[in-house]
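Peer 1: The following feature annotations were taken from TrEMBL:
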DOMAIN    78-297  domain 'GPI inositol-deacylase PGAP1-like alpha/beta'
DOMAIN    585-926  domain 'GPI inositol-deacylase transmembrane'
TRANSMEM  585-605  transmembrane segment
TRANSMEM  683-711  transmembrane segment
TRANSMEM  731-759  transmembrane segment
TRANSMEM  821-841  transmembrane segment
TRANSMEM  861-878  transmembrane segment
TRANSMEM  885-903  transmembrane segment
Amino acid sequence: MKLAAVAFYGFALGLLAVGLRELLTGFEENRCSMTYMFEYPEYRRVALPRRVARLYPAYGLYLYGEGLYAQETRALKLTGAPVLFLPGNAGSYKQARSLGSVALRKAENMEGGLHFNVFTVDFNEELVALYGGSLLRQTHFLHESIKAILRLYKHLKTPPQSVVLVGHSMGGVVARALFTLPRFNTNLVSLIITQASPHLAPVLALDPYLLDFYSAVRQKWVNRANKLRNITVLSVGGGYRDYQVRSGLTSLPCPPGDPNKLSLVATAVPRTWVSTDHLSIVWCKELVLATVRAFFDLIDPETRQFTENPEKKMVVLNHHFIRHPVRMLGEIQDTSISILDRIKMYQLLLYQSVALCLQEGQVKYFLFALSSRRKAYSHFYCRSNNLVSSTTVMLSFVVLSDVARKTVYEAETEVSHTLNHQPCSFIQMTIQDVSVPQFTVECEWQRQESQTLSVPAPHVLSFGLTVSDVTVNSSGLLHTIELQHFHQVYQAFRINVASQCKVHKDRLSNVYRIMVPWFREDSLTTVSVPSVTEISGMLHTSRPDNTSGVLLQLHTAPNCQYKVSIRTSLPRVLGQILRFCGPMVPVYTAVTLLLACGGQLSSILKSRRAAAMSQVVGRGLQPHKVNLPLYVLHILLSCSWFQEVWSILCLPPMDALPPTFPDATFHEGVLPVEEWPHLLSPLLYILGAAVAYWGSTLLCLIMRVISLILAPLHRPSVSRDCGTLRLRTQLLITLCLTVLGGTSCGALSIFAAFLLHLYRVLRLQMTERSLSHMLNLAPRKHKETENGTVDAECLDRSKECNGTPLLSECALQEVRDDLQLHLCLSALFTLPVMLSAPSLIHWIRNLRYSTQLDPDPCWPHIVPLIIVYMLLINCNTLKLCNSKLLPLTSCLPLPLAITMVTFSPLHLYRVTYFLLATLIPLASCCLL
């Protein structure tokens, strides 16, 4: 039985390891270019009012500079447009150097001395993603910093009236939280750009302050959206390389149709097309260049400051982050062509696909007649040899009959509207401003229906054994494959594209593009021909409605064959499950340990003996007892009468993971419930139970090793009361730890009480070893003891208080029972310690500024938790056996485990409350 448990939990641990490996490493290599400084960066501190400096001693405001610019701005006489960078969780204010350096170098080439003043805020590298007590303080300091920045421009005739905010990670959430302040003037900020910021929900909710902060921000931006419609917000996610903040969380929670809010992934940004991890999104040169270019286009030429026009801001952001035609924003192309040029290009009308070469510095025009192709084709498509490069090429199209411009750079231009409404016209293609020696462009006429195929995606439970494939015989440049039934985030596929060509010659690189119609999370892969390429088919968001499925666009070469095969990837499915449902694994770990404690109490109640630690933890996996009531409750909540009963009882809503679809609409701050995480609950339970099983095994091993190290420092003991505390000592320690937690940090007191209990476990471990050596038991008796059989004399003596001889087989068995009981309790005690660790780390890092943690998320439960720890130090199996409360206490873990799964996935800090609900009656058993 033990071997079967080890094999099962070993397999579960292997699944968890495969999923973690895929989550942490299963993505493309970092293709971001590094941003380098040309001169040594300098950060000049901006003086703040004394009141602000006294209230926020750990924070600071700095101006970024390099070389001559840093010297010129020494006196803080500034004339540029202000930009303020906000670091995120554990982020440094020095991360602004990439944005500041690129903006400074690009300004050197601008006429009229147009430039930016890049400021940055020092938030003392606080862990605000795990401890939410500092978020409101950071928001107030940001407000003061904005006012201090604008005061630096009072000497100008037309000083700036607002500041552009660029927030990384939690810095982007703090930027949006500005508008929740009662005295904040909304005109001070008109544009916010966030990078990898979890707007939808926190990654982990380890304290109530974090969730309260998010709730306030959500209510302001959703319920009062009409007052903030003029505020433009752009949110950029990092993609699959960012395993800290999944890109689905970067979607802005706002009412549908808000024209001034944009959410996208870095892989879909034109001229960027790369995935970034959580830190490289700050310095990724491709994305920084797109941001700085947008800043320069946002400058009003009259005021030389950022424009306040919302329409102009959205036009610029769409130009640089949605669809970039390469040409300068607002540039008007000359449509006049000489008769001689038209005659020279007339022969090109005979071909469906053409390849054109252009020498550097030349400008060429090409004409394509629409009259003969109006009925046969619906689209006109062109692509170039610098499809995914950053070279400057102007490739524009003009319908000559009505001067309606169609510009392409990424892939294609549609002229179906022109074909249907213009009686006779030409398409004029203009190529100029080529920065490469040779430039090749291929064009063709298309009928979209004939070049679109559909293929069903394999079921997620096919485990890669089923393959869906389709063969494309390319006669043109673009083919589209619709992946049917691919619209959920837990789906993950390996898409293989094998290309073969009849004639071997130099061809343009092929581009495979996965397009998601409901969210801007497209990804591109560039390959040579012929080749065999594997593409990861995964989603950041689920389909919110009945929109079309995921599209795979193949930008192909003519006269080539492409075979596309799709199969489910089990490792990537596990990675997606952990990416979206990872916060539920710690909850199920706590459930397993809680049920293990209940199993230990039941064993003591029935046999008056404690079971082995591995045995009770192995039996903690009870999905039929935990998940089945959860399914029933979920079904009942769909009934209106049960919802009324639920509200009458004043119960909080059931916890579910944040929605996986973009632009979610929230009502009264309650997240909508999705059913698919409930369907995965058995798997998540198995993973959580594996963590509990092997974690408890590791704890036992650590206790043995430490006891061996400390054994020479203690006198040998043979009593089961080793490591216990007298009543007076218990009261004194409880009082001291309570005062310590109230005046400094509650997590520190919890950790100290946990160490005291670990000392009790170590003493029991040393006593068990000492008794084994002293007795030198016979092999037969030792075997009987290991098998769990105790003679009648031992059982009779265990019923009497202090009736067991100090050196006997019964004494050894009693010590072993107490050891297994306290090992089980120690595993349970580690959960509050781990959940409170972020606040303890935050307190330690801020000791030089304040000796008291304010606010302290541990304070509501610090007193009962310390009392429980102290009482259970003296607990043993004999006291539990004689307690009248043990039958009731042994029945509590199961209903509390069900309640924990119901209310804790989005509120991890509630785990401590449910543990206390079990530990308080257990501590009472030691007294009554």
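Placed from the backbone N, Cα and C atoms, the Cβ positions cover glycine too.
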Peer 1: What stretch, picked from 585-605, 731-759, 861-878, has the most CB pairs under 8 A with the transmembrane segment (821-841)?
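Peer 2: Highest pair count goes to 731-759.
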Peer 1: How does the model score the domain 'GPI inositol-deacylase PGAP1-like alpha/beta' (78-297) in terms of mean pLDDT?
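Peer 2: That stretch averages a pLDDT of 93.
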Peer 1: Quickly jot the same-chain residues contacting the transmembrane segment (861-878) by Cβ under 8 Å, restricted to those at least six beyond its ends, or write none.
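Peer 2: Hits for the transmembrane segment (861-878): 604, 608-610, 720-721, 723-725, 730, 733-734, 737-738, 741-742, 746, 749-750, 753-754, 756-757, 760, 798, 801, 814, 817-818, 821-822, 825, 829, 832, 912-913, 916, 919-920, 922-923, 925-927.
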Peer 1: Looking only at residues six or more beyond either end of the transmembrane segment (683-711), which have a C-beta under 8 A from one in the stretch?
Peer 2: 5, 9, 12-13, 15-16, 19, 577, 581, 584-593, 596, 613-614, 617-618, 620-621, 623, 626-627, 677, 758, 761-762, 765-766, 769, 823-824, 826-827, 830
Peer 1: Restricting to the same chain and to residues at least six past its boundaries, which positions have a Cβ under 8 Å from a Cβ of the transmembrane segment (885-903)?
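Peer 2: 587-588, 590-591, 594-595, 597-598, 601-602, 604-605, 622, 625-627, 629-630, 633, 652, 654-655, 681, 910-911, 914, 917-918, 921-922, 924-925, 928.
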